[in-house]
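According to TrEMBL, the protein carries these features:
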- 222, 224, 295, 478: Zn(2+) 1 binding site (BINDING)
- 295, 335, 443, 476: Zn(2+) 2 binding site (BINDING)
- 132-143: disulfide bond (DISULFID)
- 237-242: disulfide bond (DISULFID)
- 243-266: disulfide bond (DISULFID)
- 403-450: disulfide bond (DISULFID)
- 604-608: disulfide bond (DISULFID)
- 97-183: domain 'Saposin B-type' (DOMAIN)
- 1-28: signal peptide (SIGNAL)
């Protein structure tokens, strides 16, 4: 039991610096090779052996004051490549799942044994920073800042969850097939579902093509405003956020940040934030609503503070207020709004310095002009709310950042995730009884790094209320993409679609964009959407001129759809999953990266295209049925 307690802190601290830094790259890896399950079974034995070996060498290091050659070899063999720093776990090749899980369990377990044997906070901190740097997870200054921001939270979890093992920790954080989660504490909780739903017997059909009376809704997401952005400053600094004043001017002018943003690891200058919002107001003055789906704060996650975040959030929301006047704006929180980044308190935490209340109260105050008074209670409770937009139409705004696998509080009390999901279910049940249609806003796509048990329960809710939920809107990935949900027991039937608004930032290798949706005024289903962007290369060549925004495409026109219902979009996916649909699928990928020069230069192989297709249909980490199905027709 003592050994199990000791593994948490080091594992979390060593893996967090590689996991939470960047948005995903263009390539993915959804398909599992033959014999994958058998390989995973063998890996479980390897993990235990590797933990023991690293633990033995670690003890010698601390006892003797120097590392043995064997320990240095273990570290060197485990060190990651710099390119992997910029990838989310779900974007890494399947072959890397096992080695990364081993790093988490091996080196992390050793650090926490050290802690449990009497090491002070300072000793644990210094040791973890040293290992973090040697394992190449980040540069030392980034390791130091990120660990310092998170160490106290993880220590609290260690002290209050003595039964938590390294295996469970790594399985939650990595959420890959190579890290097996078999702890019922994490898996055996469920939302209480109303029993009056009907079985799924067909895909959900929908509203025909867009009409002249459709509502117009603009989605703006992932602005990632960086107050430290300076044109001409280093865009190749190697940190999670570059182009910043503290990083200096590079000797090579080509490595300098652009005036309107940069394709490299750089966020958004204020002039680009202003231009995007003002362009929306000028070009779409007839918009009925604005959906603002989170991530105001930049990627400088190793040096955030509450005061810093408050200033950026307040400035951006005030700009929305000034720009859109009387047009209602429905805001939600992104994972970057929290301090530390991603960390949203869950469960019965007794220390006030860990509370996220500062963010909830700030949001309730800043959003108040657009919302009914009744929304204040749940915003101040947990950053989520519902609002009746007009008779028959309701918005539900979630704070699903609590389910992010990099939110350490999941490790503390995983069943606390049930609270907001149960609230969602109950609001949907009331809406169903009142004959209302609902739009759900959530920053994290359900398929994107949400804890798998949360994904499972959300899918149960979605399937039960599929006739009430007309559309879902997400952000976070910085990609112009969408997801289709299928019935759990009848995966041949599509039951929902979620649209992603892309990003106002160009971080990383994408053009800035926003999306305009056309929505049927009776069913509140999306009938079409248009995505608008500008080419960052061209914009930066004319710093004294505003960027040349253009309409990239209309979804309905581009893919020739009769409607954008789950059934209609599923038919499109089946077409893209054949050789005859290859050109269309490639065009989907080009739009997904928003025609960004930096991404188009890398191209996308057929395997890459299949992975992007699989990302559309995968909504739960351990459910790859639809992906495997598409792979069988893809090369026919």
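Each Cβ is built from the backbone N, Cα and C atoms, and glycine gets one as well.
Distribution of TrEMBL features across the structure.
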residue: 222; record: Zn(2+) 1 binding site; Cβ contacts under 8 Å, 6 or more apart: 293, 294, 295, 334, 475, 476, 478, 501, 502, 503, 504, 505
residue: 224; record: Zn(2+) 1 binding site; Cβ contacts under 8 Å, 6 or more apart: 267, 268, 295, 296, 297, 298, 299, 336, 503, 504, 505, 507
residue: 237; record: disulfide bond; Cβ contacts under 8 Å, 6 or more apart: 243, 244, 247, 265
residue: 335; record: Zn(2+) 2 binding site; Cβ contacts under 8 Å, 6 or more apart: 294, 295, 341, 342, 401, 404, 406, 407, 443, 444, 476
residue: 403; record: disulfide bond; Cβ contacts under 8 Å, 6 or more apart: 410, 417, 444, 450, 451, 454, 455
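The closest partner of residue 608 (disulfide bond) among the disulfide-bonded residues, by CA position, is 266; the full candidate set was 132, 143, 242, 266. Across the structure, residue 132 (disulfide bond) and residue 242 (disulfide bond) are spaced 20 Å apart at their Cα atoms.
Secondary structure of the domain 'Saposin B-type' (97-183), assigned with DSSP and counted as helix (H, G, I), strand (E, B) and coil, comes to 64 helix, 0 strand, 23 coil. Cβ atoms within 8 Å of the centroid of the Cβ atoms of 295, 335, 443, 476 (the Zn(2+) 2 site) belong to the same-chain residues 221, 222, 293, 294, 333, 334, 336, 401, 444, 475, site residues excluded. Cβ neighbour count for residue 608 (disulfide bond) (all protein chains, 10 Å cutoff from its Cβ): 17. Geometry remark: residue 143 (disulfide bond) versus residue 604 (disulfide bond), CA distance 32 Å.
Residue 242 (disulfide bond) sits 5 Å from residue 266 (disulfide bond), taking the Cα positions as reference. Per-residue pLDDT, averaged over the domain 'Saposin B-type' (97-183), rounds to 88. When the neighbouring Cβ atoms lying within 10 Å are counted for each of the binding-site residues (443, 478), the highest count belongs to 478.
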